[in-house]
């Protein structure tokens, strides 16, 4: 398997998000979307459009997007015999209660399994 996913330290990404008052979290989300899209190209996930829709809808599309990413990661894991937990419901709950960065940490940890 060729490494199409860049391994990133979730804690460093979190700290950068905090230090930049959330600006880095937008970049981080874009990178998560890119990596997920590379793992499951048949889903036709457009990282740029997804990010814009998340911003324009004040995060509502982001809740759906978190759910979709969870399902895509599980699918990619099954294809490659990598165990990925289905965290879709957890992502929705965390997003609704304002803990979206926790979702990113879990997603990045799952993505690192593919690196």
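Cβ atoms here come from the backbone N, Cα and C positions, even for glycine.
Note that TrEMBL annotation is computational and uncurated.
Look at TrEMBL and you will find 11-73 tagged as domain 'DUF4234'.
Beyond the transmembrane segment (12-33), the same-chain residues lying 6 or more positions past its ends with a Cβ under 8 Å from any Cβ of the stretch are 6, 45, 47-48, 50-51, 54-55, 62, 65, 69, 100-101, 104-105, 107-108, 111. According to TrEMBL, the transmembrane segment annotation covers 12-33 (among others).
Here TrEMBL flags 45-67 (among others) as transmembrane segment.
Residues 10-11, 13-14, 17, 25, 28-29, 32, 59, 62-63, 66-67, 69-71 of the same chain, all 6+ positions outside the transmembrane segment (88-106), place their C-beta atoms under 8 angstroms from a C-beta of that stretch. Marked as transmembrane segment by TrEMBL: 88-106 (among others).
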